[in-house]
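For reference, TrEMBL has these:
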type	residues	note
DOMAIN	1-79	domain 'Acylphosphatase-like'
ACT_SITE	Arg8	active site
ACT_SITE	Asn26	active site
DOMAIN	188-372	domain 'YrdC-like'
Amino acid sequence: MVQGVGFRPFVYTLARELGLTGFVGNDVHGVFVFAEGPPSLLERFRTALSEQAPPLAVVDEITATAIEPRGDETFEIALSDSSGQRATLVSADSATCVDCLAELGDPGDRRYRYPFLNCTNCGPRFTIVTDVPYDRPLTTMAPFEMCADCAAEYHDPTNRRFHAQPVCCPACGPELRLTDSTGAVLPGDPLDRTVAALRDGEIVALKGLGGYHLAVDAANPDAAATLRKRKHREEKPFAVMAPDVAWARTLCEIDEHERELLESRRGAIVLLDRRPDAAVAEAVAPGNRQLGVMLPYTPLHHLLLAATGPIVLTSANLSDEPIAYRDAEARERLAEIADVFLGHDRGIHMRTDDSVVRSFDGRELPVRRSRGLVPEPVRLRRELPRPVLACGAELKNTFCVAKGSNAFVSHHIGDLENYETLRSFTEGIEHFERLFDIAPEVVAHDLHPEYLSTKYAAEREDVELVGVQHHHAHIASCLADNGESGPVLGVAFDGLGFGTDGTIWGGEFLLADLADFRRLAHLERVPMPGGDRAVKQPWRMAVSQLLSCYGTEPPGGLEVLRRNEPQLSVITRMCEGGVNAPRTSSAGRLFDAVAAILGIRDAVSYEGQAAIELEQLADREERGHYPVALPASGTLPDPVAAGAASPPLSVPAGQLVRAVVDELRAGQRGEVIAGRFHNGVAELIARLCERLRDATGVGEVALSGGVFQNTLLLRRAVDALRRRGFRVLLHSNVPTNDGGICLGQVAIAGERDRRGGNSPERG
Ligand SMILES: [Zn+2]
Ligand SMILES: [Zn+2]
């Protein structure tokens with residue numbers, strides 16, 4: 001990634017320092033250099049090219065050939081060849097660099113306190129690019145004509161702002177504007193008035209890099225509660241922006257790797273363990289052990305936070321809608337939520353939510369891959385024979401366009417359930433195809449016929465369609481994330497995914513590579529009374545699990561049954577008759593059921609809430625676990641020899657539910673039960689993988705699926721597997737949840753294409 005990141009000026013300066021002559025230029029393949037001088041200096045030049053490259057540059061490879069000297073007298077930057085620029089990459093938006101920060105705080109600098117300063121090493125990129133080549137006229141900076149001072153910097157190869165497309169200053173660039181919801185400009189200094197509004201407990205709509213945020217003082221209980229109420233977001237945690245790491249340390253425990261993640265130029269939200277004494281209002285992240293924290297990543301944030309201390313900063317939308325990013329639209333949609341609007345006249349072309357990451361074992365686990373990371377490609381181990389579009393899943397949708405060995409995973413699109421999100425999805429695909437000059441010939445999609453992403457795929461013309469089973473995609477995504485191709489034992493634990501047998505899967509043990517998979521085992525199936533309603537009401541899953549364990553005579557004294565007494569007979573009939581009660585092997589629903597049995601909650605207001613709270617409740621010191629009796633080794637199906645005729649093993653996960661019920665009735669504390677349940681699931685995973693290793697000879701395990709966002713389960717499962725000698729593959733480039741599905745779809749479609757046949761998934 002060498003375009004728009006100051007690479008040519010860097011080469012120019014380096015060559016001049018070493019006294020080399022020649023030139024540097026761009027072409028479709030990247031940067032080329034002609035350098036002439038003594039061999040020892042050329043060698044130093046070459047080493048420095050990769051070792052001292054600018055912060056935003058990514059150098060994959062340097063190749064060199066000896067040619068005849070040309071006898072140039074100087075070293076110059078060659079003008080861009082305007083044809084075929086598209087293969088060079090657009091970089092991700094980047095947090096304000098230290099040099100720009102120094103200028104921001106320097107009263108003698110002409111950009112002192114200018115909220116839009118940036119340079120080649122930082123600032124907006126992906127969000128402002130309207131088309132390629134990446135050049136100012138094709139960004140939302142096009143309307144701003146550079147002043148003479150900015151133009152001089154822009155054209156000076158030795159300047160930090162050489163060819164920095166968004167370069168600007170107070171004389172020529174965008175300016176802040178504080179308005180009310182009608183768009184009427186409020187008098188006074190916009191920044192000072194915003195600070196005052198936050199201090200007064202008002203809600204501010206704040207225009208950021210990828211869209212509008214809503215901000216309130218994080219320590220003000222009334223303001224946080226009002227924001228929660230107006231946003232109709234009853235329990236989902238808000239993120240907090242802290243002025244700097246020292247401030248963040250007063251809110252959360254931060255280790256060295258977490259500090260790196262916080263201070264990274266990507267500016268992601270980092271999920272951290274919250275300190276008991278954190279000065280954050282209860283309504284910010286109710287009942288949550290963790291807090292999502294980010295640091296200022298634009299000059300505007302820096303100016304604001306220096307005056308306010310930590311603020312809540314959450315995507316400006318009503319629940320489930322995409323983030324607002326156009327000024328008029330934001331004012332309209334947020335009129336009932338925000339008191340004032342701090343905007344500006346630099347447009348946002350691609351709306352992009354904040355990325356969310358966490359640290360695990362000293363590596364990064366992405367939860368949401370968006371601003372700051374997109375559109376950096378994920379490198380595929382093998383080149384794709386033909387360009388691929390993968391349409392992803394339905395919830396937490398991302399898509400991916402891929403060519404050669406680059407897979408461009410999109411920013412977080414969201415849940416494809418309303419018109420706005422669907423439009424974001426289709427427009428996003430068009431934009432990516434244009435930006436990276438990719439015309440997909442193969443289109444991969446989920447097997448679920450009702451996903452809007454599947455329907456979109458079916459409407460694409462002149463392409464080869466490839467249906468990919470949801471959990472196979474999860475495991476392939478984990479393989480591709482690690483640059484591996486299997487075979488691997490894939491443990492895919494998530495909410496719901498369409499199976500090859502027409503039932504709903506979600507607690508799967510697969511033998512998988514990038515081309516194919518076999519379903520070796522799954523959690524035993526239980527009815528989901530009411531279908532989707534059972535997702536929103538975990539108590540229904542509790543009833544279903546109890547019926548499966550005990551028949552119609554569950555042990556007495558269970559509060560979950562008492563609480564839901566009026567509907568119990570209806571739900572029981574649904575489960576028994578199989579009417580509107582599809583059976584599922586979902587691990588997510590098992591966690592839901594246990595959460596409801598423990599009285600954590602009967603209904604959820606966002607996806608995965610019950611399971612998250614079950615994890616929060618668990619005593620992390622607890623080492624005991626509930627056992628599950630696996631069938632003797634001899635009774636396992638022979639996954640290699642028996643072929644598709646041999647049915648997968650059904651794992652009696654209901655034994656975990658029985659253990660939970662027994663301990664609950666014996667008066668055990670919920671914290672201990674939740675801990676032992678987590679440990680029990682981890683042991684079940686490890687012991688079953690051991691059996692499957694005996695049967696298959698495969699000693700690598702890939703863990704994927706939304707349930708593994710549960711870091712307690714992940715910790716215990718990884719430890720239990722490693723104790724048994726397994727090599728364990730985890731995600732680090734794309735999320736383990738459905739936001740990572742599209743990468744797996746690309747890997748599978750590519751591998752099948754390579755093998756010359758896209759046979760349907762059979763499992
Ligand atoms: Zn900078
Ligand atoms: Zn200027």
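Placement of Cβ uses the backbone N, Cα and C atoms for every residue, glycine included.
Since this is a predicted model, take the numbers as computed values, not measurements.
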Problem - pLDDT averaged over every residue in the domain 'Acylphosphatase-like' (1-79) - result: 86
Problem - the domain 'Acylphosphatase-like' (1-79), counted residue by residue under DSSP: helix, strand, coil - result: 24 helix, 17 strand, 38 coil
Handout entry: Length of the line joining the Cα atoms of Arg8 (active site) and Asn26 (active site), in Å
Key = 8
